[in-house]
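Summarising the annotation, TrEMBL assigns substrate binding site to Arg27, His139, Thr366. Taken from TrEMBL, the feature pyridoxal 5'-phosphate binding site covers Gly114, Phe115, Ser185, His213, Thr245. Here TrEMBL flags 47-394 as domain 'Aminotransferase class I/classII large'. The N6-(pyridoxal phosphate)lysine annotation in TrEMBL covers Lys248.
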Amino acid sequence: MTPLATSSWLQALPKGLQQLSEQHLLRTRRQVAPAQGAHITVDGQRMLQFCSNDYLGLSQHPALVEAARQGALECGVGAGGSPMVNGHTAANAELEEALARYVQLPRALYFYAGFATNASVIAALVGAEDAIFSDALNHASLIDGCRLSRARIHRYAHADLRELERLLASNPQQRKLVVSDAVFSMDGDVADMTGLLALCEQYDALLMLDDAHGFGMRGPQGRGSLAAVGLSGANASARILYMGTLSKAAGVAGGFVAGSESLIEWLLQRTRSYTFATAAPGMLARALLVGLSVLEQGDGLRAHLQAQIVRLRQGLEPLLAATGWQLLPSDTPIQALVIGDNAQALQLMEVLRQRGIWVPAIRPPTVPEGTARLRIALSANHTDADVAQLIAALHAGVLAMQQDLRPEPAKP
Ligand SMILES: *Cc1c(COP(=O)(O)O)cnc(C)c1O
């Protein structure tokens, strides 16, 4: 065979990568391994990390690890097929019942990934004739799910219920779906769920809430953001599709939806990432079943974490005053320190890294232009000393940066 000429658009890729690099938008992966507590080894170096979604430390919990081991003996390590054919194990069925009980909704459906859940359930609910109303800061998986449905998408400014109401009032489509993160993943704030629900009631819309960061964390016994505002059972399932991920506080992997009996049955029938994907391995369902009971009894862990959140916010006040940076309002473990400039956010991350602390800088397009930030994620693994160390390192880092940024003295 004669040598092929490289396709012209493949030839253009190095230039595209170069541009990303010049805009400080090139992402790199580090090889990591968990170490003790809130520590992690990054490229072989032991670091104190503030980046995990494993809020309560369940991913390393001995009881979950043991349950996964036993689950592997029971079910093997892979499911071998779609839940519609041969992948729906007893473990997966038990997990669905336990999830529904835990979030206090009639029925739940367990998916292999949270992203795939969002990317696919929306298309099972609405189509080209219908309308979606979507918060501007919704997670990428929801945005993709909305696009895939072919429904008309109306984006409202973050948390702006007035704009949402205006859009709902001016769109007479029969089927309307309002989609929102319950806890916003890059800002850490919480949606006004009762306000959203009231609008959905008024305009006969269905409300889909993505509680990736609230499930296991908020409300009594960690039952989630709905339970936190007193919504459960028939009252919630009348108009809400609840979605949670099992990869964050629950410490494992997967996603689920919960809601009324017929809504969940419909999604089971019609969601393509459910029927055409291999089921989540039963060994993970076994780990998650134990994880749910740890979450249910996790008030002590959650209280400890809440105290760290308060400690961090108080400790950063002088820094905010000195720099003009903004710590976004949040009572969740997601604490966003907005720097603004991409290069400066990266520089601060680097200064912390040199001090053995790992906090990711988040840049556009993950967050809006001009709002590059350090996304500090706290967990129950953090001790008082860990948080104090972060606060001290940030103060020292700012001094180092200010020296770096000082203009060169004018030459005589
Ligand atoms: C992480 C996340 C997801 C995706 O869940 P995975 O389990 O990681 O696939 C969906 N929505 C939000 C808001 C998230 O933060």
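Cβ coordinates are placed from backbone N, Cα and C, and glycine is handled just like the others.
Just so you know, TrEMBL annotations never went through curation; they're auto-generated.
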Lys248 (N6-(pyridoxal phosphate)lysine): which of the binding-site residues Phe115, His213, Thr366 have a C-alpha within 10 angstroms of it? His213
Binding-site residues whose CB lies under 6 angstroms from ligand 1, from Arg27, His139, Thr245, Thr366: His139, Thr245
Cβ-Cβ neighbours of Phe115 (pyridoxal 5'-phosphate binding site) (radius 10 Å): 20
Looking at the binding-site residues Phe115, Ser185, His213, which has the shortest Cα distance to His139 (substrate binding site)? Ser185
Starting from the Cβ centroid of Gly114, Phe115, Ser185, His213, Thr245, the recorded pyridoxal 5'-phosphate site, name every other residue in that chain with its Cβ within 8 Å, sequence order please. Asn53, Asn118, His139, Ser141, Asp210, Ala212, Ser247, Lys248, Gly255
In sequence order, what residues of the same chain, 6+ apart, have a Cβ less than 8 Å from the Cβ of Gly114 (pyridoxal 5'-phosphate binding site)? Ser141, Ala212, Met243, Gly244, Thr245, Leu246, Ser247, Gly254, Gly255
Counting distance between Cα atoms, which of the binding-site residues Phe115, Ser185, His213 is nearest Thr366 (substrate binding site)? Ser185
Arg27 (substrate binding site) to His213 (pyridoxal 5'-phosphate binding site): how many Å between their Cα atoms? 24
